[in-house]
Amino acid sequence: MMTPRVLGVLLLSRLLLWASGMEYSSNKQEQARRQPEQPRNVCLGLINKGQYESFHLENTASCFTKCTQSGNEGCNLENLQRYWLEFEHHLLESQSGIVNMSFLKAAVQNVSTNISEDLFFSLTPSQVPGQVTEDEREHPDRVRLPRSLFESLQSNRSEVLLAITVLDISPGNLFKGPQLSLEDGSRVLNNRLVGLSLGGIPVSRLAEPLEITFSHQHLPSNMALSCVFWDVTKGSAGDWSSTGCSTELRAKRTVCRCDHLTFFALLLKPILDRATVQFLVRISQAGCGASMIFLAFTIVLYAVLRFYRQRFKSEDAPKIHVALSMSLFLLNLAFFVSVGHGPEQSDATCWVQGAVFHYFLLCTFTWMGLEAFHLYLLVIKVFNTYFGHYFLKLSLVGWGLPALIVFGTGSADSYGLYTIRDKRNATTLELCWFREKATASALYTTVHGYFLVTFLFGAVVLGLVAWKIFTLPSATAGKGQGPTWKGVFTVLGLSSLVGVTWWLAILTPLGRSTIYVFAVFNSLQGVFIFGWFTTLYFPSRSARASSSGTGRADQVHTMSHE
């Protein structure tokens, strides 16, 4: 039996234990409060996944502007795009009637499969989509769903839920895809997507296509509109595709006809009209023909000099010039063949022509880069530049590296018929090149990226050479204008070797006039090379003394021996 004293001690001990437990718990809570909150990045597409309340929609929509073209740090485009693509499934499952937000207009309604006429719904950006009559002209943006679409579902159900979504994606990176993010001037018209879904039923290959009408103002003459849909099977994050869709251009609106239901948009992309393309082709053919003649003269002249001048055989500079001339000659020849014989050929023949044209284009870029490398060793580095079998090693790079790239590109089945279309989506030119369905990364990596590397290297070397020429003591010793003009002429001659005429391609997005300038000067590169070659190896005695830094055999021998 417990005495009152023992009972009091037990109660006191329990009170102390309870108090210490409360203090420990409060300390833990205080520590938890003091710990910094982990950052929550909505634009990774995980925090709001599957949540479509108004707060979550607005929160996720902030990523439209955060994930801009300038950079995608902290953005997961694939997750974000999937979020909006699954929004329509949420609408159908929850049977939500109307969603009216500044960036999102959506509506869900029951539609009878036993209808007697086509259905029309407005797509006005400022209004929630709603059913309208066919003759209502105040709705230039609308969609027509053919009666046959609903009739095909009568055997399974009498009614079906229809979800229509109009989404403003803003000028960020979402729903742009590789072909838009890599092409200058291309964009989604008005940054607007239209989504259509029918009871969660996959609808494709409709006998009678649906029609979506997009209104717009007059467009620039060098831009074309194309009806597309978002294809989730393209790449890891999806891309735009025009398969199953046709485009009809009108004065201030464009009608898209597609044989399936999904998210649609109207793409605005730069184009060339038929007259411009044909004129550019004629200019290029005339210039390439003249270049081929003078490039052949250059090769023949080298053979004659090699026969009559014994020391000429050991010089590397003329060999590099001739290798560049040969690659340019073969590139121009491949251009003539490809432009002259395009659409009527078999797929295999066109594949081969595209691969050959790509190969000689890369060879030309490579040899221009090697010209810049040789120029750097000859004029900038000068000392300690001995290489055994120098030209042989350059040839392995100049002819071998492009072959490896073409082999890898051809293994991915990237070559085929390439079509240029005008603003009415009519074909203006067909040639064998990268096929239209080839991955954009193959074209932009092996052509644009490769050109950019050689362009930057050649520009740096040419700039250093020009600086050295114009800062030589002989050029600043008060000898008048003679040496200065000779220096200008030398830089212009060297610029033809490192491909300055190709650099004009960077200016072509500025307008049609720059395209003409590029076509004229670039097609005449062979003429410029011939002029430099003859000036370099048939100079007057005084010119020979002043230009010895670029052509004399004794300087070349200080650099390399075979």
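Backbone N, Cα and C define each Cβ position, glycine as well.
Look at TrEMBL and you will find 119-274 tagged as domain 'GAIN-B'.
Look at TrEMBL and you will find 280-537 tagged as domain 'G-protein coupled receptors family 2 profile 2'.
Taken from TrEMBL, the feature region 'Disordered' applies to 542-562.
Annotation source TrEMBL lists signal peptide at 1-21.
Residues annotated as transmembrane segment in TrEMBL: 289-308 (among others).
Residues annotated as transmembrane segment in TrEMBL: 320-339 (among others). Within the chain, the transmembrane segment (320-339) has long-range Cβ neighbours (under 8 A, six or more residues past its boundaries) at 281, 284-285, 288-289, 291-292, 295-296, 298-299, 302, 353-354, 356-357, 360-361, 363-364, 366-368, 370-371, 374, 391, 394-395, 398, 429, 431-433, 497, 525-526, 529, 533.
Residues 316-317, 320-321, 323-324, 327-328, 330-331, 334, 385, 394, 397-399, 401-403, 405-406, 446-447, 450-451, 453-454, 457-458, 461-462, 464-465, 468, 494, 497-499, 502, 549-550, 555-556, 559 of the same chain lie 6 or more positions beyond the ends of the transmembrane segment (359-379) yet place their CB under 8 Å from a CB of it. Taken from TrEMBL, the feature transmembrane segment covers 359-379 (among others).
Taken from TrEMBL, the feature transmembrane segment covers 391-412 (among others).
If you look up TrEMBL, you'll see 447-467 (among others) marked as transmembrane segment. Outside the transmembrane segment (447-467), and at least 6 residues removed from its termini, the chain residues within Cβ reach (under 8 Å) are 358, 361-362, 365-366, 368-369, 371-373, 375-376, 379-380, 405, 487, 491, 494-495, 498-500, 502-503, 505-506.
Within the chain carrying the transmembrane segment (488-508), a Cβ under 8 angstroms from the stretch's Cβ atoms is held by residues 321, 324, 364-365, 368-369, 371-372, 375, 451, 454-455, 458-459, 461-462, 465-466, 469, 514-515, 517-518, 521-522, 524-525, 528-529, 531-532, 535-536, 547, 550, all 6 or more beyond its ends. The feature transmembrane segment is assigned by TrEMBL to 488-508 (among others).
Marked as transmembrane segment by TrEMBL: 514-538 (among others). Cβ atoms under 8 Å from those of the transmembrane segment (514-538) belong to residues 272, 276, 280, 283-284, 286-288, 290-295, 297-298, 301-302, 305, 318, 321, 324-325, 328-329, 332, 493-494, 496-497, 499, 501-502, 504-505, 507-508, 547, 550-551 of the same chain, restricted to positions at least 6 beyond its ends.
Tertiary proximity for the transmembrane segment (289-308) is limited to same-chain residues at least six positions away from its ends with a CB under 8 Å from its CB atoms, namely 318, 321-322, 325-326, 328-329, 332-333, 336, 523-527, 529-530, 533-534, 537. Here the domain 'GAIN-B' (119-274) returns a mean pLDDT of 84 for the predicted model.
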